[in-house]
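A.B. asks: Here TrEMBL flags H76, D114, H234, E238 as divalent metal cation binding site.
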Amino acid sequence: SLRKMASFRGQKLEQVVQQLEGFAPISLAEKWDNVGLLIEPTSNKLVQRILLTNDLTEPVMGEALDKKVDLIISYHPPIFRPLTRITQSNWKERVVASCLLNSVALYSPHTAWDKVVGGVNDWLSKAVDIKGIKPLVPEAGAEPGTGSGRLVDTNMSIAQLVQDLQKHIEQSVHVAYAVEHHGNTQLRTVGICAGSGGSLLRGVQADVVITGEMSHHEILDFNHNGTTVLLCNHSNSERGYLKEFKTLLSDRLEGACELFISEKDKDPLQTL
């Protein structure tokens with residue numbers, strides 16, 4: 001109802017962005033990435049309603065308009081390569097046009113959230129019974145624990161980890177056993193990288209690696225090097241973090257804005 005919508009006093013867009021960057025500075029992001037405030041439709045934009053999503057697809061954009069949100073926080077940046085025009089000819093351009101037409105701001109954190117303490121990789125690591133945890137590649141000059149990927153010390157079987165991971169991401173998981181491994185194999189180390197982790201995890205000494213997606217040949221290489229691979233599908237290795245972030249952002253904004261997690265956002269790959 002309109003009365004309910006008006007009950008959130010809101011914050012200026014620049015203040016919301018300050019809080020987002022206070023949590024995960026965009027300087028942490030990889031050089032190739034495109035993060036931060038990507039669409040600022042007007043100056044002095046007031047933000048009362050915020051939608052959190054993993055991907056800003058057209059169904060999610062429709063949901064954002066239905067919910068009359070002022071800001072979309074999309075983990076993956078919908079604008080990645082430079083756009084030379086904004087037309088109705090493809091879905092990414094239509095999404096940008098829709099944001100501008102409807103005065104909806106857009107912010108994307110991507111790899112800044114991956115690296116930060118309490119970010120996406122730390123969330124994914126919670127599927128593991130953690131005895132110790134550190135970044136795979138620590139970020140120079142950042143607070144301890146910041147960096148790319150995670151290496152977790154544990155003591156559990158593969159079967160138990162698979163079960164716990166499926167519960168954690170609320171989705172099924174693909175398992176590629178290392179040549180000598182089976183369900184009862186006991187694990188000591190787990191390498192973690194949300195999203196597409198093949199290149200970051202390559203050469204990591206771990207009994208198991210958890211990531212979103214990996215190529216067939218990468219999987220075979222890991223399996224022959226004694227590492228079992230657990231795949232979640234790309235965005236399923238990230239999406240569950242939005243619940244955790246919603247609470248975190250609400251606290252940072254001191255309840256000034258109403259926050260929603262997208263109901264239309266889902267991994268394009270489904271197991272039928």
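Cβ coordinates are placed from backbone N, Cα and C, and glycine is handled just like the others.
Heads up, TrEMBL stuff is auto-annotated, nobody curated it.
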A.B. asks: Quick one: of D114, E238, which of the binding-site residues has the smallest count of other CB atoms within 10 A?
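C.D. replies: Checked D114, E238; of these binding-site residues, fewest Cβ neighbours within 10 Å: E238.
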A.B. asks: If you take the centroid of the Cβ atoms of H76, D114, H234, E238, the listed divalent metal cation site, which other residues of that chain have their Cβ within 8 Å of it?
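C.D. replies: After dropping the recorded site residues, what remains is N54, Y75, H110, V120, A194, G195, S196, G212, S235, S237.
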